[in-house]
């Protein structure tokens with residue numbers, strides 16, 4: 001495994017792989033890797049070579065968000081990537097990705113108006129810009145994203161389609177702790193009491209999933225029950241809890257098409273997300 005931090009080095013290495021006819025998979029991350037990221041890296045090994053990018057992207061953090069506090073441990077991440085069989089790690093400094101005079105961004109108006117885009121207005125502009133740059137730098141055959149960030153996955157797929165990029169975007173299932181909590185780098189912010197309280201997210205998700213499987217199709221009934229579970233926890237504060245069309249990200253009243261049920265919930269000061277999708281017969 002090789003680790004580099006300049007765009008020039010990545011391009012040269014990948015160019016050499018491509019000359020040999022090798023396929024390349026990219027796993028974009030912000031580091032502080034856990035088993036969720038690990039599942040993406042393992043899936044990406046269906047390619048000849050695996051590139052993992054580690055970059056805490058300042059452009060996707062709002063002015064009051066946790067950029068400086070976001071957990072980082074590059075040495076541990078490198079060891080983990082090597083254990084999982086990654087071939088190349090790209091961990092640039094902010095100045096490498098956004099040099100002086102950088103003034104271009106990629107924005108998407110339609111799919112960013114709901115869910116995380118509503119409470120984090122500039123977030124997806126930052127996501128689209130950095131993902132676009134990484135796809136251009138690495139030029140992978142496939143790129144891998146977790147379904148926990150479901151809205152991000154939909155947006156990246158649309159961006160790749162709209163900009164005629166010949167890259168397959170692969171979504172990978174949510175990986176959970178043994179007690180059900182979706183794995184997230186931000187889980188490390190939780191103290192023991194908050195960690196216990198955070199289980200209301202997965203409890204609500206599992207209840208909602210069960211209701212839909214048993215035939216519930218009215219989203220107001222579904223969301224009311226899911227909200228009641230979260231409201232029982234004093235440390236929990238709902239940012240959003242919505243049912244949206246998986247293609248348009250617009251809210252729906254009836255589950256008569258593929259639907260995403262998504263939530264963002266503050267546990268104390270820590271914002272966590274979770275979701276499930278359902279495709280009716």
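In case you wondered, yes, glycine gets a Cβ from its N, Cα and C as well.
On a predicted model such as this, the values are computed, not experimentally measured, just so you know.
Record features (Swiss-Prot):
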BINDING   30-37, 146-149, 175, 183-186  ATP binding site
ACT_SITE  37  active site, proton donor
BINDING   60, 152  (R)-pantoate binding site
BINDING   60  beta-alanine binding site
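A map of Swiss-Prot features onto the structure.
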{"residue": "30", "record": "ATP binding site", "DSSP class": "coil"}
{"residue": "36", "record": "ATP binding site", "DSSP class": "helix"}
{"residue": "60", "record": "(R)-pantoate binding site", "DSSP class": "helix"}
{"residue": "147", "record": "ATP binding site", "DSSP class": "helix"}
{"residue": "152", "record": "(R)-pantoate binding site", "DSSP class": "helix"}
{"residue": "175", "record": "ATP binding site", "DSSP class": "coil"}
{"residue": "185", "record": "ATP binding site", "DSSP class": "helix"}
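The number of other Cβ atoms within 10 Å of the Cβ belonging to residue 30 (ATP binding site), over all protein chains shown, comes to 18.
Sequence-distant neighbours of residue 36 (ATP binding site): residues of the same chain at least 6 apart with a C-beta under 8 Å from its C-beta are 146, 148, 174, 175, 182, 183, 184. Note on proximity: of the recorded positions 30, 33, 37, 185, the one nearest residue 60 ((R)-pantoate binding site) is 30, by Cα distance.
Counting other Cβ atoms within 10 Å of each Cβ, the lowest count among the binding-site residues 33, 175 belongs to 175. A simple Cβ count within 10 Å picks out one of the binding-site residues 60, 152 as the most packed, and that one is 152.
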